[in-house]
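**Student:** Quick one: the structure is below, and I'll ask about it shortly.
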Amino acid sequence: MENSEGVKIESTVVTEEPLISALDIALFVVIITVAYFWYFKRDKQSSSSEKKPYTIQPSSLSSIEQTSNSSFIKKLKSTGRSLVVFYGSQTGTAEEFAGRIAKEGARYKMKGMVADPEECDMADLVEMKEIQKSLAIFCIATYGEGDPTDNAMDFYEWLQNGDADLEGLNYAVFGLGNKTYEHYNEIAIYIDQRLEELGATRVHEIGLGDDDANIEDDFVSWKEKLWESVCSHYGIEETGEESNIRQYKLVDCSEVLPERIFSGEISRLKSYENQRFPFDVKNPYLSKIAVNRELHKSGDRSCMHIEFDIDGSKMRYDTGDHVAVYPKNSSELVDKIGESLNADLDAVFSLLNTDEESSKKHPFPCPCTYRTALTYYLDITSNPRTHIMKELIEYASDPKDQEKLKLMASSTPEGKKEFHEWILRDNRNIVHILEDLPSVKPDLDHLCELLPRLQCRYYSISSSPKVYPKSIHITAVLVNYTTPTNRVNKGVATNLLAQLIPTNDELPQPTIPIYIRRSQFRLPPKSQTPIIMIGPGTGLAPFRGFIQERDYARKEGREIGEMVLYFGCRKKDEDFIYENELQEYVANGTLTKLHLAFSRDQPEKKYVTHLLEQNADELWNIIGEKSGHLYVCGDARSMAKDVHSIIVKVVMEKGQMTNSQALNYVKKMEQQKRYSADVWS
């Protein structure tokens, strides 16, 4: 555009019409843009400065932090360490095991450090050979259906896709898995083999821990033999020195301003007061409880239908996903710990890592009160592991209590037996131990360091976002049981949920922190694909969402495939959950067939597996002749295994295959996502 034309336009604007010129618009956009970035940059800096002294370290570092902190090799070299223990952890157990190994390294003249692979540049493994007598140990959990944990995903993919030369790297692997699942320790086994393929040297054979049995025993037995192999490989001897060195030091925070003290937030200070999207494991959404109703019609057990309100949260879920619920411990148990230790639970404190190079500055959000730590951050209801028994010995004033702890902390056959019977069989938690060994009075800050983190609980979502876009439904059985010591143990999350009853609109509704965890448990892409769903008890939960979604499609006029549901419970008149809903879906044609098994309504027990065996023709028709999908949800230990065996048998008989061919057929179904399981042990 020529200058004369530009002048003409400007003249017209001023003298003839009140229009805004293109130049004015451009200037306005520039001003708004500058103001926007200035405001948010200032806000971000202010927020960062405000919370810097008191937040825990995030698992994902910023690009600037990664540049300086992601090189574990530099940390090893600068601090004179030769041992690094990586962990792939979903619930905290692998991280705990990694810490115990790193701590014990001092007994073998190997100063160690714990490292999160998500925060490290794992390509630096090629440089481990530059450190004399160096060793990398991997404590790796297998999660879900043979998947790596979230924090080990990048490392797993790096191993899969890369071809680094790892000659000179010395390593050992301990896996954490559960034998009730098909893909037992699959990730640890892969990492162990892949490291060897890339040229690394295995110092000790892989250890496979089974959480369905006694993973603590598996770990301790492997660890003892590991150090024997390490001594042999490097030509070193154990110093014999016990290393009960504290990882964290106590900091008195009594002078800290109240607004700087954590009160249950997972990561960011005041995050429940100032909610920010996106919501995830470190930034959960404080959801209102919209509905909480009983599903059982009678009997002494309880099953709850709960609806979380997510309206306005921007949270989205898919049918088949899980929702994570952050629970809190009962005030009764917390008070018992305070009474046992004569401690002031309202004192404000912080635990600061003694290792300045560690990216984990605090074991949980600090500063906070002891009451907050024991309520929101620490697991006080699970069975303590043997290393806690060992640490408690020095606090026992009664010789008998001291000897009992020493025995349970030992790896002798007698010690393992005592630990198994007194802790595991009798189901004692830390509260029970302090009650039954009254002379044991640990410093409360040390106990807070020792106890594992309280983990969120996952529930299959029992609704479809097509039908309920503003709420998430779950189906949860209230957990209460009596232990051999005649104590009543209560499920942490379900007993909390049972208390969260919505009130009338005039009063604040009860809330609880949640976030959505993605799942691979998905309906077929095509609504016409026939499916079989097998879900006794609360295994029905995700299938309620499946049925809702197909019903929604049917009402839209789309063609839907056959839907066959196998459901089982104890008694029809007692715990047949969602009965009216299911019967309505049968009546309107969404649910093609509903096979019911009420195990205690007749003299002989009747389960869904019995019905499956009786309906072999129907099974083969859908999964064989029509290439349909099959889904299983529920108990992994027996039900899911029995279903798998029945399916293989049906494929053999109806598909006229050998056992080997049938197993391959079912395996292919799993690979094609035509056979999916959402199970728990």
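Keep in mind that glycine also has a Cβ here, set from the backbone N, Cα and C atoms.
TrEMBL lists 20-39 with the feature transmembrane segment. Sequence annotations record features per position, and here TrEMBL assigns domain 'Flavodoxin-like' to 83-227. Annotated FMN binding site per TrEMBL: 89-94, 141-144, 176-185, Asp211, in sequence order. Look at TrEMBL and you will find 282-524 tagged as domain 'FAD-binding FR-type'. Residues or ranges marked as NADP(+) binding site in TrEMBL: Arg301, Thr538, Ser599, Arg600, Lys605, Lys606, Tyr607, Val608, Thr609, Asp642. If you look up TrEMBL, you'll see Arg457, Tyr458, Tyr459, Ser460, Thr475, Ala476, Val477, Tyr481, Gly491, Val492, Ala493, Thr494, Trp680 marked as FAD binding site.
Quick one: where do these features end up spatially?
**Tutor:** Taking H, G and I as helix, E and B as strand and the rest as coil, DSSP gives the domain 'Flavodoxin-like' (83-227) the counts 65 helix, 35 strand, 45 coil.
Non-local contacts of Thr609 (NADP(+) binding site) by the CB criterion (under 8 A, 6+ apart in sequence, same chain) comprise Met639, Asp642, Val643, Ile646.
On its own chain, Tyr459 (FAD binding site) has His322, Val323, Val325, Ile474, Thr475, Ala476, Ala541 as residues at least 6 apart in sequence with a Cβ closer than 8 Å to its own Cβ.
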**Student:** Provide, as an integer number of angstrom, the distance between the C-alpha atoms of Ser89 (FMN binding site) and Arg457 (FAD binding site).
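**Tutor:** Ser89 (FMN binding site) to Arg457 (FAD binding site), Cα-Cα distance: 15 Å.
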**Student:** Please identify, among the binding-site residues Gly92, Ala141, Arg301, Lys605, Tyr607, the one with the smallest Cα-Cα distance to Trp680 (FAD binding site).
**Tutor:** Ala141
**Student:** Whole-number Å only: compute the distance from the Cα of Arg301 (NADP(+) binding site) to the Cα of Val477 (FAD binding site).
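**Tutor:** Spelling it out, the Cα of Arg301 (NADP(+) binding site) and the Cα of Val477 (FAD binding site) are 8 Å apart.
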**Student:** With Ala493 (FAD binding site) as the reference Cα, tell me which of the binding-site residues Ala141, Gly144, Ser599, Tyr607 is the closest one.
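**Tutor:** Nearest by Cα distance to Ala493 (FAD binding site): Gly144.
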**Student:** If you measure Lys605 (NADP(+) binding site) to Tyr184 (FMN binding site) at Cα, how many Å is it?
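**Tutor:** A Cα-Cα distance of 31 Å.
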**Student:** Compare the Cα of Tyr181 (FMN binding site) against each of the binding-site residues Arg457, Val477, Tyr607 and report the nearest.
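**Tutor:** Nearest in space to Tyr181 (FMN binding site), counting only the binding-site residues, is Arg457.
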**Student:** In Å, rounded, how far does the Cα of Ala141 (FMN binding site) sit from the Cα of Val477 (FAD binding site)?
**Tutor:** 27
